[in-house]
Amino acid sequence: MATPGAASAELVIGWCIFGLLLLAILAFCWIYVRKYQSRRESEVVSTITAIFSLAIALITSALLPVDIFLVSYMKNQNGTFKDWANANVSRQIEDTVLYGYYTLYSVILFCVFFWIPFVYFYYEEKDDDDTSKCTQIKTALKYTLGFVVICALLLLVGAFVPLNVPNNKNSTEWEKVKFLFEELGSSHGLAALSFSISSLTLIGMLAAITYTAYGMSALPLNLIKGTRSAAYERLENTEDIEEVEQHIQTIKSKSKDGRPLPARDKRALKQFEERLRTLKKRERHLEFIENSWWTKFCGALRPLKIIWGIFFILVALLFVISLFLSNLDKALHSAGIDSGFIIFGANLSNPLNMLLPLLQTVFPLDYILITIIIMYFIFTSMAGIRNIGIWFFWIRLYKIRRGRTRPQALLFLCMILLLIVLHTSYMIYSLAPQYVMYGSQNYLIETNITSDNHKGNSTLSVPKRCDADAPEDQCTVTRTYLFLHKFWFFSAAYYFGNWAFLGVFLIGLIVSCCKGKKSVIEGVDEDSDISDDEPSVYSV
């Protein structure tokens with residue numbers, strides 16, 4: 001018989017893996033932010049803020065497999081609870097995860113609504129050399145106050161918004177919906193926190209639709225297509241230089257006799273001279289790229305990039321198929337929009353929903369897969385942001401360039417990634433709803449068996465995978481799932497957002513297929529902050 005210490009042992013295993021992953025996350029965030037920040041405009045506070053905010057989001061997402069691991073390890077594969085998993089211990093373990101979410105989500109609210117806006121506006125004011133540091137802080141606090149007010153409003157609305165599902169539904173499914181809404185508790189503080197985080201997750205959904213969906217198609221196709229040849233681009237650039245020089249010479253020849261140039265020719269001459277400066281700058285960068293050992297090294301890795309591109313597009317198709325089947329299942333079998341399209345049981349199986357519970361039985365294989373999925377979303381989101389840029393409606397605010405991203409753009413970048421990572425938890429639920437809800441838990445059901453040797457029927461207890469049909473005391477729902485479904489209207493918005501995600505992915509796939517190869521120095525024409533003596537890092 002297992003001793004009470006087994007509970008502590010199981011808990012320690014899950015949290016030890018979480019601790020190791022935490023260290024890996026911090027290392028990844030430091031490398032990632034340092035890779036993109038500008039070398040000439042690097043600021044310590046903005047760098048630390050970007051690393052910390054991105055790390056908090058990733059750590060929160062890393063709590064998902066810990067949550068699933070702990071509820072799964074309360075039960076044996078035969079559907080019975082383990083000896084140590086009595087009601088008090090189960091509640092204690094669940095509360096441990098819940099307190100983890102409380103802490104991390106509170107820190108996220110602090111970062112999004114106070115610290116990141118404050119640092120951003122501080123550096124916006126710092127660009128003005130005439131202002132003192134005290135004035136910069138006061139101005140930054142004044143603008144940040146608006147974000148604090150928004151956060152306070154979200155907390156107030158979340159604390160008192162009605163959670164009751166419609167009472168005109170009498171079916172057993174609606175009783176289950178009501179149970180799920182009430183399971184996490186009726187605390188106003190918890191409801192306020194959940195509402196605020198769900199609001200941020202909704203914004204993250206919009207960012208995922210804009211950037212991640214496009215990046216999932218752009219990243220693999222860019223790897224497969226590669227970039228244009230530096231030598232060929234340099235040849236074309238040389239021809240353009242000669243052509244522009246001829247135009248300049250033609251215009252200047254009109255004033256050889258001392259006559260002043262007409263205003264039209266002056267404007268044309270100015271444009272050609274500006275164009276010539278840009279072309280010569282491109283010439284220097286192309287020459288550097290062509291002779292670089294890094295270019296030759298990347299050329300040798302070209303077959304590997306093609307293989308990675310094919311792998312990424314296959315993974316993208318796997319996600320899209322799983323998401324489509326999951327959403328179709330909700331459309332056909334859910335309890336409706338008033339329940340947030342909550343689904344009871346998997347009527348249409350999808351690949352990830354079948355794979356994750358199998359991997360979960362061999363810890364930490366599912367942890368590894370979840371980490372890969374989250375990292376995949378991060379890299380595809382980054383690819384989308386690099387291709388599209390950061391926009392406010394039709395105005396481009398910032399470009400994201402490796403080694404050339406300004407402090408303000410870096411904060412924007414990490415804010416967007418933070419919101420996308422928040423939405424990742426719901427994306428994983430959409431891809432594998434049964435896994436996120438119950439993990440690998442089984443419960444016992446009574447089955448009647450007719451025996452030829454004995455008159456009458458006998459009953460046999462057989463294990464069955466946990467689903468919404470299971471008795472409430474036989475299966476433990478993850479805290480993550482309950483956080484995601486505290487408010488039904490957010491779940492409904494996520495459902496429609498998934499369809500939009502699929503649509504944007506298909507559009508991005510078509511656009512990426514139609515676009516030609518990227519320039520080996522793409523962006524050099526637009527980057528006014530590139531100095532002539534700094535031709536370094538480009539994507540090759």
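Heads up, the Cβ atoms here are built off N, Cα and C, so glycines get one too.
Fair warning: this is a prediction, and the values are worked out from it, not measured in the lab.
Taking Cβ-Cβ distances under 8 Å and a sequence gap of 6 or more within the same chain, the neighbours of Asn78 (N-linked glycosylation site) are Asn442, Leu444, Pro463. Under the heading N-linked glycosylation site, Swiss-Prot lists Asn78 (among others).
Here Swiss-Prot flags Asn88 (among others) as N-linked glycosylation site.
Among the features that Swiss-Prot reports, N-linked glycosylation site is placed at Asn170 (among others).
Taken from Swiss-Prot, the feature N-linked glycosylation site applies to Asn347 (among others), supported by sequence analysis. Just so you know, the Cβ of Asn347 (N-linked glycosylation site) picks up 13 other Cβ atoms within 10 Å once every protein chain is counted.
What Swiss-Prot records for Asn448 (among others) is N-linked glycosylation site, and it gives sequence analysis as the kind of evidence.
Annotation comment: Swiss-Prot describes Asn457 (among others) as N-linked glycosylation site.
According to Swiss-Prot, the feature phosphothreonine maps to Thr238. The local packing around Thr238 (phosphothreonine), expressed as other Cβ atoms within 10 Å of its Cβ over all shown chains, amounts to 13. Reduced to three states, the DSSP call for Thr238 (phosphothreonine) is helix.
What Swiss-Prot lists as phosphoserine is Ser528 (among others).
What Swiss-Prot lists as phosphoserine is Ser531 (among others).
The motif 'YERL motif' annotation in Swiss-Prot covers 232-235. Remote same-chain residues near the motif 'YERL motif' (232-235) are listed as 283, 286-287, 290, 519-521 (criterion: CB distance under 8 Å, separation of at least six residues from the stretch ends).
What Swiss-Prot lists as topological domain 'Extracellular' is 1-10 (among others), and the listing cites sequence analysis.
Non-local neighbours of the topological domain 'Cytoplasmic' (32-50) in the same chain are 111, 115-116, 119, 122-123, 400-408, 410-411, 413-414, 529; each lies 6+ residues outside the stretch with a CB under 8 Å from one of its CB atoms. Look at Swiss-Prot and you will find 32-50 (among others) tagged as topological domain 'Cytoplasmic'.
Swiss-Prot lists 72-100 (among others) with the feature topological domain 'Extracellular'.
According to Swiss-Prot, the feature topological domain 'Cytoplasmic' maps to 122-144 (among others). Mean pLDDT for the topological domain 'Cytoplasmic' (122-144) in the predicted structure: 78.
The feature topological domain 'Extracellular' is assigned by Swiss-Prot to 166-188 (among others).
Assigned with DSSP, the residues of the topological domain 'Cytoplasmic' (210-305) fall into helix, strand and coil as follows: 81 helix, 1 strand, 14 coil. According to Swiss-Prot, the feature topological domain 'Cytoplasmic' maps to 210-305 (among others), an assignment based on sequence analysis.
Here the transmembrane segment (51-71) sits apart from the transmembrane segment (189-209); fewer than 3 CB pairs are under 8 Å, leaving out pairs fewer than 6 apart in sequence. Across the fold, the C-alpha of Asn347 (N-linked glycosylation site) and the C-alpha of Thr238 (phosphothreonine) stand 62 Å from each other.
The highest tally of CB pairs under 8 A with the transmembrane segment (409-429), across 189-209, 306-326, 365-385, 487-507, is held by 189-209. By number of Cβ pairs under 8 Å, the transmembrane segment (306-326) is matched best by 487-507 from the list 101-121, 189-209, 365-385, 487-507.
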